Ligand SMILES: O=C(O)C1=C[C@@H](OP(=O)(O)O)[C@@H](O)[C@H](O)C1
Ligand SMILES: C=C(OP(=O)(O)O)C(=O)O
């Protein structure tokens, strides 16, 4: 894929696709497999750049990992088998790798250095380095450990009771992983429920976690046992084709094997509220995670309001929801989404600037955006700014535009959806 991609108008999208594995679950499968004794196997793994960064980091700590496409085998001697890395740990573009791995490293009696790309260097790390320091980890780094590059020397950590100021699964997971290797009990309380894949997967690896409303506790000293993980399709990737199916004329797209964890299905709730023709079939549980097939058809959409506790359940889907709103009748308002400012880009700014170039009527607010629909879009030269989700959203917007679109920095899409353009081509061909 070239970093400059031409995307043209399509008359319809039709067909069936299997979206790639869930990114959050793929990262956790590699990390938990790396600290569990024995051989963990992972099927349905997402071979996107972020998850490959996680594999490379754990290989540098001596874990034996083989990966062929969507199949991964991890052989580990358990958490005490992790070795001091001789080289820096490169987290690439991945916030999940950085923050969750810091939680694991916080209890390891050795020194590591974490470094990532330009985008990672802007993302706030104090939200994990501060509580991990409170537990006893020695952390230094740029601006006193607030940003990468970071160095960490773990050791004799003790459990804490932590009230997180943000509803962040990365913060919650980092502290729980540190809690697993610390003395006593660790409890994390969050202001709203964030994705709970860590809690579910720790149980799959044999650890007990106690949940009580917005609090989760873990007792230190538990050991993880290797297991088999089947990763469901990523609803955050499915979201792009759900939106495309709803707004491109004459379309019907079936998405198979999509993860439907209720802490992630905000996009489904929003589509339903907007009046989308969405069918959910074949609902089942795989490996403790709900999964279903989704069918979306071209829909007449109406505007909606999105705010409050649903935000963490659709945080990564807000760029594509903004595009949906440009094609809905009325004014859509998104509030309480200030976390968008600290993702791969400031997603309030990048969504608003780039969609405006295509003719959308959209304005940024302090904690979200206001979108006036329904407005026709036209082709433009737009930029992902290295943000995979912005890139995919703009590619879907281009399908609706009568004139051609040039998407700069399209390569970024490989971070979470390496075969995105192949899937798009398949859906156009099946017309
Ligand atoms: O835990 C995870 O796998 C993730 C949590 C979310 O981030 P925050 O924890 O920063 O909200 C999300 O935006 C990210 O894509 C993946
Ligand atoms: C924010 C994201 O990921 P991460 O925080 O892992 O970089 C994302 O995938 O949209």
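One-based numbering along the chain as shown.
Placement of Cβ uses the backbone N, Cα and C atoms for every residue, glycine included.
Automated prediction, rather than curation, is the source of TrEMBL annotations.
Residues or ranges marked as domain 'Enolpyruvate transferase' by TrEMBL: 8-424. TrEMBL lists 23, 95, 123, 170, 347, 389 with the feature phosphoenolpyruvate binding site. Residues or ranges marked as 3-phosphoshikimate binding site by TrEMBL: 23, 24, 28, 168, 170, 316, 343. Among the features that TrEMBL reports, active site, proton acceptor is placed at 316.
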Annotated binding-site residues 24, 28, 123, 168, 347, filtered by Cβ under 6 Å to ligand 2: none
Distance in Å spanning the most remote Cα pair of 23, 95, 123, 170, 347, 389, given for phosphoenolpyruvate: 19
Close-lying binding-site residues around ligand 1 among 23, 24, 168, 170, 316, where CB distance stays under 6 Å: 24, 168, 170, 316
Site of maximum Cβ density within 10 Å, from binding-site residues 343, 347, 389: 389
Top Cα neighbour of residue 347 (phosphoenolpyruvate binding site) in the set of binding-site residues 24, 28, 168, 316: 316
10 Å Cα neighbourhood of residue 343 (3-phosphoshikimate binding site): matching binding-site residues from 23, 95, 123, 170: 95, 123
Close binding-site residues near residue 389 (phosphoenolpyruvate binding site), where close means Cα within 10 Å, chosen from 24, 28, 168: none
Confidence summary for the domain 'Enolpyruvate transferase' (8-424), mean pLDDT rounded: 98
DSSP three-state assignment for residue 347 (phosphoenolpyruvate binding site): helix
By Cα-Cα distance, the member of binding-site residues 23, 95, 123 nearest residue 168 (3-phosphoshikimate binding site): 95
